[in-house]
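Report on the following structure.
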Amino acid sequence: MEMKVLILVGVRLLFLPTTVCQSGMKHVSDNSALTAESFNGNEHSFEEFPLSDIEGWTGATTTIKAKCPEESITTLHVNNATMGYLRSSLSTKVIPAIYILVFVIGVPANIVTLWKLSSRTKSICLVIFHTNLAIADLLFCVTLPFKIAYHLNGNDWVFGEVMCRVTTVAFYGNMYCAILILTCMGINRYLATVHPFTYRKLPKRNFTLLMCGVVWVMVVLYMLPLAILKQEYHLVQPGITTCHDVHDTCESPLPFQFYYFVSLAFFGFLIPFVVSVFCYTTLIHKLNAQDRKWLRYIKAVLLILVIFTICFAPTNIILIIHHANYYYSNTDSLYFMYLIALCLGSLNSCLDPFLYFIMSKIVDQLTS
């Protein structure tokens, strides 16, 4: 008897009217008003599904990859979390206020630094290092008005694709150029103080020029992907054009983004940071506390550590976590924090000139 009942139920399910299935499909379609996409997605490469159907959804952006279209994408759809950031006072008021401060202080400070360096005859190594550092900072600062206008305009970029790529390259290029030059300065001071006999045998001017040349070549090569890949996208909602805030994963695939940015943070920050800490701490231990230049070296080292800790460390640590989180877990909830950290990273353009004045005092004491 039970067997007959099961057979009848199975036959009934097999010949279930298609109208029931069609009504169910229509119900699902009607509920998919919000699409879960990310800073790294486009409307053609993601399936749409209601955010309310995600169990335990907390606002982190989740994406479902599908086949990428063959044609180039210039218009994207983003979720409510992304639009919330793009419209927030943090993005349209606080971040541009910090950039204005950096521009107002950084431009004159670096111009004065270059003017002072042009008339300096002592310590050619100091002149070469800080000239390169001031040039990198100044190149970055002159692109800040475009970023300021972008954020004050509600994150609506009006300067075109080329200028968007230029400002993006200037942003990252300045940060990693500053990190590497500060590291080279630490190596130079380490050799001069800890290994003076070896240092005296080196062709100081050519050696310093070589170090700075290698830094610029490395930075230019690492910035090529940012200069080549598309950075500007128009958002259907809220009807703005973003610059570097939204990416298309079909234009820049996830594996490439992950390995590129992680290697950038690893070779551009983590290794130089370890080398800098080693060089400067060894330098402090080598010097006698009674030495007249010891206190100034302490000030210089503290300022360098402040620059690394406030300007460079948060950006690169969050950069690694963000891309690892997005690559392995398919979420990008840390992207807001990363953009804030990137904004704080611009403060190094204001602090570098003060480092020059401290280091110049040390050199003047040594040669007096």
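Placed from the backbone N, Cα and C atoms, the Cβ positions cover glycine too.
What Swiss-Prot lists as disulfide bond is Cys164-Cys243, and the listing cites sequence analysis. Taking a C-beta cut-off of under 8 Å and a sequence gap of six or more, Cys243 (disulfide bond) has these contacts in its own chain: Tyr150, Trp157, Phe159, Cys164, Thr167, Thr168, Gln231, Glu232.
Positions annotated as N-linked glycosylation site by Swiss-Prot: Asn80.
Annotated signal peptide per Swiss-Prot: 1-21, in sequence order, evidence recorded as sequence analysis.
Annotation source Swiss-Prot lists topological domain 'Extracellular' at 38-93 (among others).
Summarising the annotation, Swiss-Prot assigns topological domain 'Cytoplasmic' to 115-123 (among others).
For the topological domain 'Extracellular' (145-166), DSSP puts the residue distribution at 15 helix, 0 strand, 7 coil. What Swiss-Prot records for 145-166 (among others) is topological domain 'Extracellular'.
With a threshold of 8 Å between CB atoms, the same-chain residues lying at least 6 positions outside the topological domain 'Cytoplasmic' (188-208) that come near it are 124-125, 128-129, 278-280, 282-283, 286-287. For 188-208 (among others), the entry in Swiss-Prot reads topological domain 'Cytoplasmic', with the evidence type sequence analysis.
The annotation topological domain 'Extracellular' is assigned in Swiss-Prot to 230-257 (among others) on the grounds of sequence analysis. For the topological domain 'Extracellular' (230-257), the model's pLDDT averages out at 73.
The topological domain 'Cytoplasmic' annotation in Swiss-Prot covers 279-300 (among others) and rests on sequence analysis.
Summarising the annotation, Swiss-Prot assigns topological domain 'Extracellular' to 322-338 (among others) and lists sequence analysis as the type of evidence.
Annotation comment: Swiss-Prot describes 360-368 (among others) as topological domain 'Cytoplasmic', evidence class sequence analysis.
The transmembrane segment annotation in Swiss-Prot covers 94-114 (among others), and the record cites sequence analysis as its basis.
As annotated by Swiss-Prot, transmembrane segment applies to 124-144 (among others), with the evidence given as sequence analysis.
Sequence-distant contacts of the transmembrane segment (167-187), counting only residues of its own chain at least 6 positions beyond either end whose CB sits under 8 Å from a CB of the stretch, comprise 129, 132-133, 136-137, 139-140, 143, 146-147, 208, 211-212, 215-216, 218-220, 222-223, 226-227, 231, 243-244, 264, 268-269, 272-273, 275-276, 279-280, 283, 304, 307-308, 311-312, 315, 342, 345-346, 348-349, 352, 359. What Swiss-Prot lists as transmembrane segment is 167-187 (among others).
Residues annotated as transmembrane segment in Swiss-Prot: 209-229 (among others).
Feature annotation from Swiss-Prot assigns transmembrane segment to 258-278 (among others); the stated evidence is sequence analysis.
Under the criterion of 3 or more C-beta pairs below 8 Å, with sequence separation of 6 or more, the transmembrane segment (94-114) and the transmembrane segment (301-321) do not qualify as touching, having fewer than 3 such pairs. If you look at the transmembrane segment (339-359) against the transmembrane segment (124-144), you find at least three C-beta pairs under 8 angstroms, all six or more positions apart, and that counts as contact.
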